[in-house]
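Comments concern the structure below.
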Amino acid sequence: MDTEYQSFVETLRAGQKPEFPAHAKTIEYARELDAHDKLSQLRSDFNIPTKGSLRKKALDGGVAGETKEPRVPNGVSSATKPNGTVNSDLKDDEASIYFVGNSLGAQPKCIRQYIDAHLETWASIGVNGHFTSFDNSPLASWQDMAAACAAQSVDLVGAKSANEIIYMNTLTVNLHLMMASFYRPTAKRHKIIAEWKPFPSDSYALASQLHWHGLAPATSLIEIHPPNPTGSSPPTLTLTTSHILATIDAHADSTALLLLPGIQYYTGQLFDMARITRHARARGIVVGWDLAHAVGNVELELHAWGVDFAVWCTYKYLNAGPGALGGVFVHGRHHSFHRGGGGSGGVGGGRGEGGDGDGGDGGDGDGMALGYRHRLAGWYGADKAVRFEMEKVFWPAEGAAGWQVSNPSVVDLACVRATLGMFERVGMRALRDKAVLLTGYLEWLLLGLLADGVGKGGDGEAAFRIITPGHPADRGSQLSLLLRGGLLEGVSKELADGGVVVDVRKPDVIRVAPVPMYCRFEDVWGFITVFNRALDRCA
């Protein structure tokens, strides 16, 4: 089975479909795959919500999956029902099928240790925690925490060095900060190219940035639509690379910024970031990527691809918790810092890395006046050597850290540092290997349901279709299922009642994401079993 497992991975990596045996539809086969999964032990490092904990209505001191008896405020055992009888439903202790890591990752158990270390540091040495860390602490001093997290992320995002990364704020705030620095419209180049169905927060950010510059989305925002998305049957919801490149060419002379998602949140489509970036930059367009669904999900080479900037969150595939700090990548060619700049007082010493002739101003003029690329500045973006000297003159910190504005939340950074350590130990290649097989197995079983006519309507219409691209190189860990009209509410309830957690997007889509760090092949089989039953009952 080891050989077969690896053969499946290699086949999928090559863009082909593996030939699963007929008995692959059984739970025994799914368990065989789990037995040969070299990453299976990672699951024990997470708190996976149980079927019982998902129904919890009040805090009781317990944590899903822990074997110790939870503490209950009124002293009644959690194994006792409200009427005083013992709850014999052992299924309450079973882990749920948690296929929603594309919305919020499961909780790593080690996060408590990191948060406790921060709280003890704060309680023990107070303000000195800004500059001091304990020898046996997993944390750096508070003012060095963001940089420590950046150092952990070099391989994760494919940066040249930690200088190209910083953790701060949350994703949309960081997107605004990056656009304030990199979207510098002129009378000739004022357009932003985006895709037709971005996450709403990105739409709000794009529109507000255009309005900030006195521009109108109707004339300055180009949305790339699928060719005839409503006229074909079934409608096309994804974008081909050639169509994206053609749109870039059509608007190249008037475009200032291209901003796309690495993975489209709704369809789960993974874009060819290397080719698109290269094509746009060759036409003088600044390229930014929203990597909310890509970091921790797929392999990235942001520096080698020449990406100007990128932003991402850490609460999805990175598992750092709801609202955790976001990440930012700024290519080294934008780090230039020339002594003698004027304007608002920026001075420096010619720092920068990976320069390719762009300098520090990106051609907008302001950078040469300031001595560095224009940005919205704040005290935490100042050079650490002078940060506490209370100077009025802004001296940017080296690299992406120079785009910081405010003191980051250390308790959030503790969570980020904890989970990044897990990615350091495992590596993205191993995670991606498992991910392509998990998703490939899920797709094969789903296609089996369609072939069997499960849930087919009276007019012969299928119960669902997979709107995520079929080629493994064109998707991450998510498969999006577009249900036949009228099925979503009933199917969603059946899934929830069966202990399955997925993301529901009205009117008709469920997003299914078996994340390789903590999801099993048995979970994939279990999802298919519950989904099959749901379609039978609701069709």
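Just so you know, glycine gets a Cβ as well, placed from its N, Cα and C.
Per Swiss-Prot, the features are:
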- Leu171, Thr172, Phe199, Pro200, Ser201, Asp202, Asp290, His293, Tyr315, Trp379, Asn407: pyridoxal 5'-phosphate binding site (BINDING)
- 75-87: compositional bias 'Polar residues' (COMPBIAS)
- 340-352: compositional bias 'Gly residues' (COMPBIAS)
- Lys316: N6-(pyridoxal phosphate)lysine (MOD_RES)
- 60-87: region 'Disordered' (REGION)
- 340-363: region 'Disordered' (REGION)
Distance from Lys316 (N6-(pyridoxal phosphate)lysine) back to Asn407 (pyridoxal 5'-phosphate binding site), taken between C-alpha atoms, in Å: 23
All-chain count of other Cβ atoms within 10 Å of Asn407 (pyridoxal 5'-phosphate binding site): 15
Which of Phe199, Tyr315, all binding-site residues, has a Cβ with the fewest other Cβ atoms inside 10 Å: Phe199
Entry from the binding-site residues list Ser201, Asp290 having the most other CB atoms no farther than 10 A: Asp290
Three-class DSSP secondary structure - Lys316 (N6-(pyridoxal phosphate)lysine): coil
Leu171 (pyridoxal 5'-phosphate binding site) to the residue listed as 'N6-(pyridoxal phosphate)lysine' - Cα separation in whole Å: 12
Phe199 (pyridoxal 5'-phosphate binding site) in three-state DSSP notation: coil
For Lys316 (N6-(pyridoxal phosphate)lysine), nearby residues of its own chain (Cβ under 8 Å, 6 or more apart in sequence): Gly101, Asn102, Ser103, Leu104, Gly105, Ala292, His293, Gly296, Asn297
